[in-house]
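Here's what Swiss-Prot has on this protein:
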- ASP90, ASP236: Mn(2+) 2 binding site (BINDING)
- ASP90, GLY91: Mn(2+) 1 binding site (BINDING)
- 58-314: domain 'PPM-type phosphatase' (DOMAIN)
Amino acid sequence: MAFMRSKPSLGSLARVAFRWCGPGVGLVNYSQEPYLVKAVQGKSKPRSPTLQSAMQPRAQAETIQAPKCFGEDSFFFSSTPKADVMGVADGVGGWRDRGIDAGRFSRDLMQRCFVHAQKPTFDGRNPRQLLSECYGEMKRKWKPILGSSTACVVAFNRSESALYTANLGDSGYVVIRNGSVLDRSEEQTHFFNMPFQLTVPPPDSNREMWFCDDPSEAVATRLLLQPDDLVLVATDGLFDNMPEQMLLEMLSKVQGVHEQKAIQEAVNRVVERAGALSINPIYKSPFCLRALENNVAYGGGGKPDDITVVLASVAMRQCNTVGDSNESKGSDLRPRLSFP
């Protein structure tokens, strides 16, 4: 089956010109390499009705790469010569009833993902393995951090111009091309409002009491990207409150825009809107509609929750390399591959 592209692939743009530099020097390729222009925004949910005014957004500039958090959500993004990596994690709030900081687990998970993504050997091709290694480290700690978290990590491999994804639970990603959804993650739940989650339970407890899902259960995909594509990674606080069409409309003005300021302003607007909808008592939110579909009593309105959104635009930049280069080996692969 053939797939038509509306634009040339990034791989086909990789080598645009070269010149001879004399004996012993070889060819200098004047090429364009793909990269992601990123911005992040988030809001912590009000912990009581009187704290709604505390839902103030805090923008994070692209230069800030170390993990940050919004309430019990956490995120990171990383850029190396091989890959741009972005991730979000949503700490499971039920641990608060046991006197445990529900956000500490997600923060530790994203911190470890950030450290691994910064390694020179990590090329972004296996974010599911990255999750597995980090989760394994957390379980092996002498005094492990107890808790649970969903996780979504996406990595853009520059040499292939391909986005590799790993999603466990109800956080997720959306890829937008020409104003339409090209690909979107599917949430994983045991039942309504009970997502798959990575868990470190108390050592003296019965493991069967907990939902202890494994990183191997994360859905992994590969998707070829083109210039101007948008990649959004977010926790369920966004998806539970903002329908897909509204999201597309809000991001339509930055399709093809590569200025970091514009990307930041766009993600600010998305989070601000989602936050307002989450505390609207008469709004028919996606969460409310799914509750009705599952015969779950819900009073209606939005779903107050922490909201974290990372938005990126695929751009090109000039780079000079010495030596003969080959076009992307992945340029003739299917646009989307799922790994079992």
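Backbone N, Cα and C atoms are what each Cβ position is placed from, and that goes for glycine too.
Here the domain 'PPM-type phosphatase' (58-314) returns a mean pLDDT of 93 for the predicted model. Cβ neighbours within 10 Å of ASP236 (Mn(2+) 2 binding site), excluding its own Cβ and spanning all shown chains: 26. In the three-state DSSP classification, ASP236 (Mn(2+) 2 binding site) falls within a helix. In the three-state DSSP classification, ASP90 (Mn(2+) 2 binding site) falls within a strand.
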